[in-house]
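To keep things clear, I will list the structure first and then write my remarks on it.
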Amino acid sequence: MVAAAATSAFFPVPAPGTSPKPGKSGNWPSSLSPTFKPKSIPNGGFQVKANASAHPKANGSAVNLKSGSLNTQEDTSSSPPPRAFLNQLPDWSMLLTAITTVFVAAEKQWTMLDRKSKRPDMLVDSVGLKSIVRDGLVSRHSFSIRSYEIGADRTASIETLMNHLQETTINHCKSLGLHNDGFGRTPGMCKNDLIWVLTKMQIMVNRYPTWGDTVEINTWFSQSGKIGMASDWLISDCNTGEILIRATSVWAMMNQKTRRFSRLPYEVRQELTPHFVDSPHVIEDNDQKLRKFDVKTGDSIRKGLTPRWNDLDVNQHVSNVKYIGWILESMPIEVLETQELCSLTVEYRRECGMDSVLESVTAVDPSENGGRSQYKHLLRLEDGTDIVKSRTEWRPKNAGTNGAISTSTAKTSNGNSVS
């Protein structure tokens, strides 16, 4: 079809059931009727005389050659199709260029359609994101993985991914109008000197993105108990729609002056509730606290960890992402070289500042989960005060799983179904 459209511009196609009409010169089309004019022969030139034994017919027409004139008589026999002269044919290079251009344009169009068909928002919506997006309760952002965000394995580090999760949460607060004076603080929170602190984080990694990949992150809020809220994230590959990472977190209110946890005041709850989604978390929470282990039984200990100025966040305490880096400091090097982190659960117990000196302890968990190795972690101050407890799961490298999120039915705070 594409080639026919291209060639029709050069060769007009007659309508069905019609045939070309002969011109005045017999079967020749009028556009191809030959016209001969006698030319004068200059002095000294050769004069050519027609051979009397010339063939009486040429191209199906009787030809009588006389001095200076050409007469044709219509041949009653069947005539072959008219022929076109070479100088009347189109420029073949132009024709080939036109055909090539059409094919290239068609190929690009099909490529674009094929990529659009793989976009995450056109795949099966297993958690009802489309409906939540229509309600304006989901924030969606895209990030490209930079060269300085990858590690020795040429994949994005867990710290990079957590920074992107935090960035989408802050942008989500801004889009909802909750960015009053500080990161995610509502007017009621500012009035009561309240700030958000992260108390628990869960991450499950199906596959780590690599340098140059573009990922899309969807995040939304939901209520969590009486003193906080939960935040969920889905990280997917922009090109294929594959879900790479799932994460969920719990945030609590803390008084900025007393540094103690606080319940949500009524006015703050009224500000937040319209933006909550009544939906199951993307990672099921078993509500079991991480068990404490004896530091003396630890398999690996890293001491003398001290925060730097750049490790502090806007609330003047160490960023929650920095704790993850400290936890991994005590992992055995042979594990880091042969395995990759696929599951992470972190409980934040206390904050620490510039003057803190910490130690990171790691112990092997004897229990197994599908052949994956498990470890328990403890980050504490030198005086023995617990700062962070964690549990991690590791799998052999290049053994990523295609985790799927079960279909769930959710409702927004105004009662709309999002399944």
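Keep in mind that glycine also has a Cβ here, set from the backbone N, Cα and C atoms.
Copied from Swiss-Prot, the annotated features are:
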ACT_SITE  Asn315  active site
ACT_SITE  His317  active site
ACT_SITE  Cys352  active site
COMPBIAS  61-78  compositional bias 'Polar residues'
COMPBIAS  399-419  compositional bias 'Polar residues'
REGION    1-84  region 'Disordered'
REGION    390-419  region 'Disordered'
TRANSIT   1-50  transit peptide
DSSP-derived class (H/G/I helix, E/B strand, else coil) of His317 (active site): coil
Set of same-chain residues at least 6 away whose C-beta sits under 8 angstroms from Cys352 (active site): Pro307, His317, Val318, Leu358, Leu381, Ile387
Assigned element (helix, strand, coil) containing Cys352 (active site), judged by DSSP: coil
Chain-internal residues, separated by at least six, CB under 8 A from Asn315 (active site): Ile195, Val197, Gln256
His317 (active site) CB neighbourhood, other CB atoms within 10 A: 21
